[in-house]
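As recorded in Swiss-Prot, the features of this protein are as follows:
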| type | residues | note |
| --- | --- | --- |
| TRANSMEM | 17-37 | transmembrane segment |
| TRANSMEM | 59-79 | transmembrane segment |
| TRANSMEM | 95-115 | transmembrane segment |
| TRANSMEM | 129-149 | transmembrane segment |
| TRANSMEM | 176-196 | transmembrane segment |
| TRANSMEM | 202-222 | transmembrane segment |
| TRANSMEM | 237-257 | transmembrane segment |
Amino acid sequence: MLIHPQFDPVAIHLGPLAIRWYGLMYLAGFIMFLGFGRLRIRQPHIAAKGWTTRDLDDMLFFGVLGVILGGRLGYVLFYKPSYYLAHPLEILKVWEGGMAFHGGFLGVVVAMWLFGKLRRRHWMEVTDFIAPMIPCGLAAGRIGNFINGELWGRATDLPWGMIFPQAGDNIPRHPSQLYQFAGEGVALFIVLWLFARKPRPMGAVSGVFLIGYGAFRFAAEFAREPDNFLGLLALKLSMGQWLSLPMILAGIAMVVWAYRRQPGAGASQPVA
């Protein structure tokens with residue numbers, strides 16, 4: 001049995017300024033996105049499409065806005081709609097927490113669609129480019145969850161079961177944040193990076209991301225404690241699982257569409 005070390009959520013104290021671990025994890029995710037993005041630009045089939053480091057920087061800016069706005073609205077709509085309907089001003093208090101990946105994902109899709117319009121590129125060409133780097137941010141975020149001792153797992157008697165003091169029940173639980181770090185972070189990054197090293201039909205890389213994330217998240221939710229204000233829903237599945245199922249189905253549809261539309265590897269064309 002292990003005990004969560006209860007890290008100080010503030011990593012650096014600079015007088016009145018407090019820099020939190022979770023903020024540093026966001027920063028680490030952005031740095032990895034830019035670093036691996038620059039490596040991706042050098043791949044011959046990517047360089048042939050004219051991607052530049054300026055595009056990468058601009059995509060990060062658009063993506064951050066999409067994550068924040070979409071993540072917050074997703075949490076409001078998917079998890080606590082009645083509460084925020086009664087307290088609408090609370091929606092603005094993002095510093096108090098409350099973000100949803102699935103909402104952030106939709107926000108990024110909209111942001112990349114807008115970016116594509118500005119650059120005269122199809123939105124799926126944009127998402128195909130960024131998909132292999134997204135797991136870097138997911139991995140960093142899950143480490144942030146673990147450091148904060150939040151989003152712990154269900155009770156377990158496995159040797160690596162961990163007591164999370166913030167749970168308040170002294171029960172060993174799955175360190176589900178680390179499961180998600182390993183699955184939707186490390187493993188998904190490896191799969192996508194290897195898959196995207198070769199030219200693929202437009203939409204294929206994005207589709208594989210949807211399938212991979214949805215599958216890893218769906219599986220990890222069996223070890224993760226459901227949100228106490230929601231519990232388990234129909235078929236004893238969590239909200240995270242129900243939101244992941246459409247991602248898996250959409251990913252399968254995108255991959256099938258991509259290969260039927262462009263057999264073999266094909267380069268996408270800019271939109272007019």
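Indices start at 1 and increase along the chain as displayed.
Using N, Cα and C of the backbone, Cβ positions are placed for all residues, glycine too.
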Most Cβ pairs under 8 Å with the transmembrane segment (237-257), selected from 17-37, 95-115, 202-222: 202-222
Best-contacting stretch, by C-beta pairs under 8 Å, relative to the transmembrane segment (17-37) and drawn from 59-79, 95-115, 202-222: 59-79
Remote residues contacting the transmembrane segment (59-79) - C-beta distance under 8 A, at least 6 residues beyond either end: 30, 33-34, 37, 91, 94, 98-112, 114-115, 126, 129-130, 227, 229-230, 239, 243
Close approaches to the transmembrane segment (202-222) from elsewhere in its chain (Cβ under 8 angstroms; 6 or more beyond its ends): 101, 122, 124-125, 127-128, 131-132, 134-135, 138, 154, 176, 179-180, 183-184, 187-188, 191-192, 195-196, 237-238, 240-241, 244-245, 247-248, 250-255, 257-259, 261-262, 266-268
